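Undergrad: Have a look at the structure that comes next, please.
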């Protein structure tokens, strides 16, 4: 059916009115050619309201795992946890070989060396023997220039010096009082170079004197700690040791003297007895004058055989 001109005009007006009325919300208008000059304008309506949400679909199959991402920055450390229980004690390992001693390599060998290092106080120090064995010794840093290693001291009679061979070999006594350093130690000390000897004595009236020798050494146990003594250099106490030079050491249980009887037993000491002695500094502590003969702390050349000294110290110093 072909619309007349009047009808088309009316329809055009209606469409235009509708288009103007809805221009604010649905502006899209399409014009289609019909035939010739007759055109039909078609208005596209506004979209309708969204429909209701459909039901949720089923989950798809699990995909392949993706590649790991870059590591993140480390987080802050958390608070320290409580201390755990102590574990069981492990098995003790085998004892290793003894390594070289740094102290032996650089440590002092004598009291004189300690003095040169700036140790000026008399007292007990650790030195190192030639075999690297540490030894605690009394260093006299005051007498005659200092640097003396004391190996015998008698001061009050609190220590028994009438002892056997093993005791004199190992040493005995107290750092606080009287002692014998031990023949093995004295041997080790006196075989490292030349050592001078000083004997200091004091009586019970406050008098002090000494005797000094150019060298002093004792040999090892195999040689019965034989005494090798140098020349007497002087001192008001006189020389009461030269007669013991080249003698072997004797104790109450090992008689190595040149007498017919055991001088150590006879004179209650231990010494380098010949037949028998002119000194007995390891004898009985008899406190001054005594009626018994030559069995005290005796040094004949100063006060004879019937006087036992209050103080006796024997000491060596490396020359």
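Note that Cβ sites are derived from N, Cα and C of the backbone, with glycine treated the same way.
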Undergrad: Can you check which of 53-106, 107-160 Swiss-Prot lists as region 'Disordered'?
TA: 53-106
Undergrad: Between 104, 139, 263, which of the disulfide-bonded residues has its C-beta surrounded by the fewest other C-beta atoms within 10 Å?
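TA: Result for the disulfide-bonded residues 104, 139, 263: minimum number of other Cβ atoms within 10 Å at 104.
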Undergrad: Comparing the disulfide-bonded residues 111, 132, 276, which residue's C-beta has the most other C-beta atoms within 10 angstroms in this structure?
TA: 111
Undergrad: Is any of the recorded positions 104, 132, 255, 257, 261, 306 within 10 Å of residue 276 (disulfide bond) (Cα-Cα), and if so, which, in sequence order?
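TA: Passing the 10 Å Cα cut: 257, 261.
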Undergrad: Let me spell it out: for each of the recorded positions (261, 306), count the other Cβ atoms within 10 Å of that residue's Cβ, using every protein chain shown. Which one has the most?
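TA: Of the recorded positions 261, 306, the most buried by Cβ count within 10 Å is 306.
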